[in-house]
Amino acid sequence: MPQSSRIKHSGENSGGPGIAGRLRSSWFIIALLTVLIIHQMSPNWHPKDLLDSVVEISALGNLLVAVLFFIQGLGMDVSVLIRSLKRSDFHLRSQLTIFFIFPLLCGIPAALILTSLESLAPGLAALGLPSAVLLLSVLPTTVSSSTVYTRLEGGASELALINAVLANILGILLSPLLVSLLLQLGSAGFSPTEAAGMVLSLLINAGVPLIGGTLLRLIMSYGKSPRRKLPGGAISQLIILLIVLLSPMKSTGGMSLGVSFILAALLYASIARITLTAGRRLPEDEQTALFFLGTQKTMAMGLPLLHQLKAMGAAVDGGITLLIVYHALQLIVGRLGIPGLSPVKSSGDQK
């Protein structure tokens with residue numbers, strides 16, 4: 001296929017949803033940015049103000065994360081996962097992109113540049129952005145958005161699904177260990193005991209509910225025709241909003257928000273270019289899957305890890321803002337469609 005024919009918007013001449021249609025269902029993005037602005041405009045506000053200290057904020061946050069991953073497991077179609085297991089070459093490529101290429105080519109260079117800029121702009125030091133960028137770079141993929149956007153762009157959504165799930169399972173172990181290792185290289189790391197504690201916390205709050213939801217889905221579908229999709233998308237989004245609202249963000253003024261928008265855009269553009277280059281020789285439907293697997297980062301695992309890093313003394317006050325802004329940006333780009341990707345005429349789901 002000539003290169004020029006591939007550079008078009010995904011909704012053009014394809015019968016797919018246009019930009020206006022995609023934006024109509026973007027209430028979550030608007031709500032997410034609204035919550036962020038509320039945080040920034042209320043420097044003295046703390047999440048405990050909502051609950052009057054009736055419940056422990058961290059315990060409620062952990063419960064919400066567990067419910068989120070349980071819903072994610074409940075939505076798994078195990079037959080789809082089994083069908084896609086044969087593509088070990090694509091699985092390896094995607095996991096390397098998620099956990100190693102992004103940190104090496106984007107996360108570490110960005111953290112080094114930010115560290116050098118802190119001496120020129122003292123206000124940046126209070127944000128702790130280098131640590132936040134390193135954490136963002138090693139987070140696994142968001143299962144729902146990577147799969148949905150791959151399908152919207154005509155890509156191999158089954159490959160996107162299994163690799164997003166695999167990334168979340170691997171991320172329970174790899175994300176805490178990798179961010180601890182990278183921070184250690186910058187003289188701000190944690191002891192093996194602290195790193196193991198982060199892994200154990202994620203295993204309890206994310207891994208066990210994910211497996212439990214998947215097993216319940218298997219039991220529910222035993223001897224029956226499995227439903228392709230169980231309700232839970234809107235519920236998951238509401239839970240994420242509540243987690244964000246309860247996050248004790250330290251307001252650092254407009255600079256935090258402005259810097260986060262610029263930084264998130266640069267990081268997204270960088271990994272987008274890298275994933276497009278890495279998938280250059282793949283079939284078009286797999287290129288699309290790899291693109292969204294590489295660029296979509298989960299906030300459900302990122303926020304708990306940020307809270308743990310902060311509790312252990314890491315400077316990550318601007319990290320929550322950066323994570324929210326990046327999450328909103330990846331959803332906006334996914335909704336609008338990617339000009340560098342075009343839908344294939346036949347679905348890649350049978351691959």
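All positions are counted from 1 along the displayed chain.
Note: Cβ is positioned from N, Cα and C throughout, glycine not excepted.
Curation plays no part in TrEMBL annotations; they are all automatic predictions.
Owing to the predicted nature of the structure, the values given are computational and were not obtained by experimental measurement.
Annotation comment: TrEMBL describes 21-39 (among others) as transmembrane segment.
As annotated by TrEMBL, transmembrane segment applies to 59-82 (among others).
The annotation transmembrane segment is assigned in TrEMBL to 94-114 (among others). Within its own chain, the transmembrane segment (94-114) is flanked in space by residues 124, 129-131, 133-134, 136-138, 140-141, 159, 163, 166-167, 170-171, 174-175, 178, 182, 186, 263, 266-267, 270-271, 274-275, 278, 289-290, 293-294, which lie at least six positions past its ends and keep a Cβ under 8 Å from the stretch.
Outside the transmembrane segment (120-139) by six or more residues, the chain places 99, 102-103, 106-108, 110-112, 114, 171, 174-175, 178-179, 182-183, 186, 188, 252, 255-256, 259, 263, 267, 297-298, 301-302, 305-306, 309, 314-319, 322-323, 326 with a CB less than 8 A from a CB of the stretch. According to TrEMBL, the feature transmembrane segment maps to 120-139 (among others).
The transmembrane segment annotation in TrEMBL covers 160-183 (among others).
Taken from TrEMBL, the feature transmembrane segment applies to 195-218 (among others).
For 230-249 (among others), the entry in TrEMBL reads transmembrane segment.
Annotation source TrEMBL lists transmembrane segment at 255-276 (among others).
The list of residues near the transmembrane segment (160-183) in space but at least 6 beyond its ends in sequence, with Cβ under 8 angstroms from a Cβ of it, reads 69, 72, 76-77, 80-81, 84-85, 90-91, 94-95, 98-99, 103, 107-108, 111, 131, 134-135, 138-143, 146-147, 150-151, 189-190, 194-195, 198-199, 202-203, 206-207, 210, 289, 292-293, 296, 298, 301, 305, 308-309, 314.
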